[in-house]
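*Asks:* Take a look at this one; I'll ask things after.
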Amino acid sequence: MKQSILFERVSARLKAQVGPDVYASWFARLKLHSVSKSVVRLSVPTTFLKSWINNRYLDLITGLFQAEDPEILKIEVLVRTATRHGTKALDEVVAPEPAAPTQMRRPTSAQPAGQAVQQAVSAVAAARPASFGSPLFGSPLDSRFTFDTFVEGSSNRVALAAAKTIAEAGQGAVRFNPLFIHSTVGLGKTHLLQAVANAAVQNPRSLRVVYLTAEYFMWRFATAIRDNDALTLKDSLRNIDLLIIDDMQFLQGKMIQHEFCHLLNMLLDSAKQVVVAADRAPWELESLDPRVRSRLQGGVAIEFDAPDYEMRLEILKRRLAVARLEDPSLEIPAELLQHVARNVTASGRELEGAFNQLVFRRSFEPNLSIERVDELLAHLVGSGEPRRVRIEDIQRIVARHYNVSRQELVSNRRTRVIVKPRQIAMYLSKTLTPRSFPEIGRRFGGRDHTTVLHAVRKIEELISGDTKLSHEVELLKRLINE
């Protein structure tokens, strides 16, 4: 069995075993490094992730590989650190020699789609690994994740503009500090954060930049405390200009959060820029220390929505253009790309999976039909299964419908223009999700369960006698379930 096929089969079984959310959190960045006789080597971007997988999932992964190939006896997990070198005291990201700027956005009336795709090819081909300071600190940057390769659209345009402003600002913070970007998995948060870091380190003002995942921050601080080296680490972090933290929802532990709170306060009070990303809004990060949550809410929170059809098609076109760099003979008809863009709607990550499936299948099924593509991608299209509804989705859609913000929905404001949408959102959260009254109350600014119960009963009573409101609620249900 080919190595790539083996890894693909094991990955699919692993995702089915642990569930899509756990898989996206811990295994999305797992890659096949090599297969040598009876040993399979996998790679991950951080030491923390390696330790986490070894301690919790190594036996499961070993069993899945052995189920596919009984000759496999051992699984090793490595850390991808090949592009990191140097011995500087401050473990900061160091700028590579700047390449010629390549501007690339979605096609406009003055820029044909073919030209935009060609620019995507140029941007990826020109990308080179970023250099790093010490190998002891900082999560690795992917040189492919730049502003040039980021697909802009209506769902991310505001966040992209804010990110570019920060990358170009130089020393000192911009007005919106911290910048908090949130969305469900697979919509491009990590790409955008790494684009900020990659651009900032090339800034002629020689910015001192640190990009970290929350899991790496936890591991690095725990290691420093264990080795009695915490003061050195703190001093290093105090001297940076830009701190970028990804996957904030994973920041755990009272001591670690206490240290992060001190760092956050120090940087913000010193007018240093902070950029944070998570899978939910800052006020929904219930596991965070309230002081950290409060500080994160003091800046600007921007949400990514799922990409629209035009964005999805552009992502597929660019992915095809890059794949042709490796295999110039690769051809995928435009109608197949358009069909995939119309039907795989959840996230860019699932779109990437659909594209990889197409490329893989065309190697031995060159005449793929649309019907065959539907069979292959049924697990991504949905297979008629009901969509899992989240409270944050309900809040977002209700807020948009009534022209208020999500933050207003969870605030203490009691004006009529806010109270009615809030009660409707609580009602829909109870009827469309399995969440309890207390949990819904926590998601709406820490309200008591009796407040949620009152809202549900109130909306039920109003619906029974108000046809217009009943139609509004049904419309919202359809929008939420789309």
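Cβ coordinates come from backbone N, Cα and C, glycine included.
Swiss-Prot lists these features:
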- 1-71: region 'Domain I, interacts with DnaA modulators' (REGION)
- 71-139: region 'Domain II' (REGION)
- 140-362: region 'Domain III, AAA+ region' (REGION)
- GLY186, GLY188, LYS189, THR190: ATP binding site (BINDING)
- 363-482: region 'Domain IV, binds dsDNA' (REGION)
*Asks:* If you draw a 10 Å sphere around the Cβ of GLY188 (ATP binding site), how many other Cβ atoms fall inside it, taking every protein chain shown into account?
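*Replies:* The answer is 26 other Cβ atoms.
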*Asks:* What is the pLDDT of the region 'Domain III, AAA+ region' (140-362) when averaged and given as a whole number?
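*Replies:* Averaged over the region 'Domain III, AAA+ region' (140-362), the predicted model reaches a pLDDT of 85.
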*Asks:* Starting from the ATP site formed by GLY186, GLY188, LYS189, THR190, give every other residue of that chain whose CB sits within 8 Å of the mean position of their CB atoms, in sequence order.
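*Replies:* The answer, listed by sequence position, is SER183, VAL185, LEU187, HIS191, LEU192, ALA277, PHE304, GLY348, ARG349.
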*Asks:* Under a criterion of Cβ-Cβ distance under 8 Å and sequence separation of at least 6, what residues of the same chain contact GLY186 (ATP binding site)?
*Replies:* ALA24, ALA346, SER347, GLY348, ARG349, GLU350
*Asks:* Three states by DSSP: which one describes GLY186 (ATP binding site)?
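*Replies:* Going by the DSSP assignment, GLY186 (ATP binding site) belongs to neither helix nor strand, so it counts as coil.
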*Asks:* If you draw a 10 Å sphere on the Cβ of LYS189 (ATP binding site), how many other Cβ atoms land inside?
*Replies:* 22
*Asks:* Near THR190 (ATP binding site), how many other Cβ atoms are within 10 Å of its Cβ?
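*Replies:* Other Cβ atoms found within 10 Å: 21.
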*Asks:* Going by DSSP, how much of the region 'Domain I, interacts with DnaA modulators' (1-71) is helix, how much is strand and how much is coil, in residues?
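*Replies:* Output for the region 'Domain I, interacts with DnaA modulators' (1-71) reads 44 helix, 12 strand, 15 coil.
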